[in-house]
Amino acid sequence: MVLSMPSLLCLPFMAPIFSSFLALTLIIPLSNAQGPPSPGFSPSSRVSTVAFNTGFRNLWGPQHQKLDQGSLTIWLDKSSGSGFKSLRPYQSGYFGAAMKLQPGYTAGVITSFYLSNNEEHPGDHDEIDIEFLGTTPDKPYTLQTNVYIRGSGDGNINIGREMKFHLWFDPTKDYHNYAILWNPSEIIFFVDDVPIRRYPRKSDATFPTRPMWVYGSIWDASSWATENGRYKADYNYQPFVGRYTNFKVSACTANSPAPCRPPSASPYGSSSLSPQQALAMNWVKNNYLVYDYCHDPKRDHTQIPEC
């Protein structure tokens, strides 16, 4: 016999069970199990894959770096980490890679993909970061996005613009695509073509404009990476491994002619996100944003006027 809803509610012994079920469904959004709504546009599909040796080179820790059929593995142990760098600097563009992270205990370990000109401008550099903050087995990875302008990450001046996210999937199970789109008017961070953060250019003082190289690395940041340094790298779990493949670069080099235009973030061919992309980005923020520097009461907001 199939009971209708009114019949079900009339059964006294079923009422508490139904009430508990109803409360549970109100607490757990069904959309979380399904992932974000489709952004309706795939910037990565417009960008060709670049072979590692064609676009990049080892920067440090060559003995902790292995290239196998287009996939790059770098690792950290007690002796060293490893990093790589693009062969040329870029003025703007789309920069992406598929990454797969180490499972288990990775506290204190940073696995990153980012843009920087720190070697060209030591003490006065710019940077756009995608960083995975290592974690303990009982907690999810945190993806940190960050923007530094003109030395704001160089010791004496430390004005980070961090936004941190958890993800709607386990980044240790498979490769996922992570990307930065940087053009003269905005910076957009993507995960599997879903925009998770848009950083608009509100003034020259709060936006990086000088050429940058593309980097990736794995290294020990025990002093701050995991819960502000509460958990350190434990080399009983070494090696800590980061895997990269499907490198994508479509960009204007530092010497490109003035008409050079980076790829568009949206189907409109403009810098603005489409309404569908904005909906997907807001879904991520509503469900997975765990830190926003603009809403941190401990920050000196006179130093972050863009907020």
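Even glycines carry a Cβ here, placed using N, Cα and C.
Unlike curated records, TrEMBL annotations are generated automatically.
What TrEMBL annotates here:
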type: ACT_SITE; residues: Glu127; note: active site, nucleophile
type: ACT_SITE; residues: Glu131; note: active site, proton donor
type: DOMAIN; residues: 31-244; note: domain 'GH16'
type: SIGNAL; residues: 1-33; note: signal peptide
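Applying an 8 A CB threshold to same-chain residues 6+ apart, the list for Glu127 (active site, nucleophile) reads Tyr114, Leu115, Ser116, Asn117, Asn118, Asn146, Val147, Tyr148, Gly153, Pro208, Met212. Of all Cβ atoms in the shown protein chains, 20 besides its own fall within 10 Å of the Cβ of the residue listed as 'active site, proton donor'.
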